[in-house]
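**Q** Found this in Swiss-Prot, in case it helps:
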TRANSMEM  2-24  transmembrane segment
TRANSMEM  44-66  transmembrane segment
TRANSMEM  92-114  transmembrane segment
TRANSMEM  124-143  transmembrane segment
TRANSMEM  150-169  transmembrane segment
TRANSMEM  173-195  transmembrane segment
TRANSMEM  255-277  transmembrane segment
TRANSMEM  297-319  transmembrane segment
TRANSMEM  331-350  transmembrane segment
TRANSMEM  354-373  transmembrane segment
Amino acid sequence: MLNLLYLILGIICGTITGLFPGIHPNNIVALSFLILPYFGLDNYIPFLIGLVITHYFINFIPSAFLGVPDDETAVSALPMHKLTLNGNGYEAIVLAGFGSYLGVVFSILISLFLMSILHFDVRAFYCSIKIFIPFILIAFILYQIFTAKSVWEVLVIFLSGIFGIAVLYCSEAFNITLTAIFTGMFGIPLLINNLKTYKIKSQMMAFPDFELKFLKSSFFASVAGFFRIFLPGISGAQLNYILSKILNERDLKNFIVSQGSIILSNEVFSLLAVIFIGVGRSGVARAIQLLNANININTAIFSILISSTIAIIILLNLSKYILLFIRKVNFKFLSLFFIIFCSLVVIIGSYNTYLIYHIIVYLTAIYIGLLAVKSNTNLSNMMNVLIFPTILYFLRG
């Protein structure tokens with residue numbers, strides 16, 4: 001019963017972090033040395049699970065309504081924001097939330113099937129495919145280049161990749177570094193673009209029709225999320241990007257469902273990987289790994305399911321009130337507020353970790369993002385900021 005109270009506390013904290021762009025569960029994890037003595041190990045883990053699961057559900061709100069993503073929602077933010085500008089913001093939230101919940105369920109079923117029934121050897125499989133990963137990514141970059149529709153698109157691909165190598169491979173990266181990169185590339189340029197908008201359209205508060213193809217997309221997205229266990233250095237947003245290119249999904253609703261699934265499946269698999277192979281692939285999962293706690297699989301799954309159920313209820317209700325609020329305020333001033341807020345997050349977050357360096361990174365990311373927006377380039381091409389350094393990481397061995 002006590003664990004459930006701490007799980008709910010984590011859900012409350014995840015709701016808060018999810019609402020504000022630039023605030024990440026890793027910021028809470030960084031305070032572990034302060035929180036852990038008061039919570040105790042057995043209570044702290046449910047708190048972290050509730051925090052991270054809820055965060056990614058609620059984070060669809062700033063992604064959809066403002067177009068401001070984090071490192072996981074970078075690919076899905078733009079199509080969701082487009083629906084908001086067209087008066088269908090709530091529909092975007094419902095689709096993403098529904099896909100996320102399906103992703104959680106499918107991830108748990110896939111994990112139990114592979115690990116408990118088939119006794120799948122994850123470590124052996126990873127060792128067998130590791131050597132091929134950089135070549136798969138190189139082929140993927142070549143595919144992007146040859147299918148590019150303009151010189152600007154190719155330029156964005158290479159600028160993003162070179163920028164990623166300089167910042168993430170050749171230099172030391174911190175938690176705030178990714179925040180500066182993704183907020184600068186994907187968030188601020190869209191917020192600057194939003195400065196032209198004074199009011200958003202009246203929003204339809206209706207649930208979209210359920211389609212069976214949502215289940216198929218969600219399942220394949222969850223399977224793709226499973227591969228994150230084998231790909232250190234590759235984020236959920238990269239997998240989102242690669243999956244979107246492979247599936248060539250043209251149905252916007254189906255695309256948002258699949259993106260919701262892969263975002264949550266990434267995190268669920270990251271958490272369960274700590275139990276199955278002793279390795280965490282996300283900031284929160286690594287924090288749990290470092291605690292060296294003996295985690296019961298049933299407790300973990302129960303915590304994940306409870307968190308997801310409560311989180312989607314919060315998401316569907318809270319988003320209605322926020323949409324009504326946004327309709328009443330000047331959208332230009334709201335966008336300006338979040339430009340200032342996101343910039344302050346980067347400045348404060350990097351105050352003790354090379355402030356000037358991170359400001360330069362942030363401004364460079366904004367420049368590349370503005371170039372992509374103004375040239376009407378597919379913003380997902382900027383995900384090469386992670387793919388280029390990941391290739392070098394694997395080639396280095």
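The backbone N, Cα and C atoms fix where each Cβ goes, and this holds for glycine too.
What does the local environment look like for each feature on the list?
**A** Beyond the transmembrane segment (44-66), the same-chain residues lying 6 or more positions past its ends with a Cβ under 8 Å from any Cβ of the stretch are 3-4, 6-11, 13-15, 17-21, 24-25, 28-29, 32, 35-36, 72-73, 76-77, 80-81, 83-84, 89, 92-93, 96-97, 100, 104, 187, 190-191, 194, 260, 263-264, 267-268, 271, 282, 284, 287-288, 291, 293, 295, 299-300, 303-304, 306-308, 310-312, 314-315, 318-319, 322-323, 326, 334-335, 338.
A Cβ distance under 8 Å defines the sequence-distant neighbours of the transmembrane segment (173-195), meaning residues of its chain 6+ beyond its ends; these are 21-22, 24, 26-27, 30, 66-71, 74, 77-78, 81, 160, 163-164, 167, 237, 283, 331-332, 335-336, 338-339, 342-343, 345-346, 349-350, 353-354, 358, 361-366, 368-370, 372-373, 379, 382, 385.
Here the transmembrane segment (297-319) has Cβ contacts under 8 Å with residues 3-4, 7-8, 10-11, 14-15, 45-46, 49-50, 53-54, 57-58, 60-61, 64-65, 89-90, 93-94, 97-98, 100-101, 104, 108, 264, 268, 271-272, 275 of the same chain, all six or more residues outside its ends.
With a cut-off of 8 Å between Cβ atoms, the residues of this chain six or more beyond the transmembrane segment (354-373) that come close are 152, 155-156, 159-160, 163, 167, 171, 174, 176-177, 180-190, 192-193, 343, 346-347, 379, 381-382, 385.
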**Q** Given a Cβ distance threshold of under 8 angstroms, which distant residues of the chain, six or more beyond its ends, lie next to the transmembrane segment (2-24)?
**A** 39, 42-44, 46-59, 61-62, 66, 68, 70-71, 175, 179, 183, 187, 283, 299, 303, 306-307, 310-311, 314, 318, 338, 341-342, 345-346, 349
**Q** Give residue numbers and ranges for long-range contacts of the transmembrane segment (150-169): same chain, 6 or more residues beyond its ends, CB-CB under 8 A.
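**A** For the transmembrane segment (150-169), the far contacts come to 141, 144, 177, 181, 185, 361, 364-365, 368, 371-372, 375-378, 381-389, 392-393.
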**Q** Apart from its near flanks, which chain residues at least 6 from the ends of the transmembrane segment (92-114) lie with a Cβ under 8 angstroms of it?
**A** 53, 56-57, 60-61, 63-64, 76, 79-81, 83-84, 120, 207-208, 214-215, 217-219, 221-223, 225-226, 253, 256-265, 268-269, 272, 276, 301, 304-305, 308-309, 312, 315-316, 319
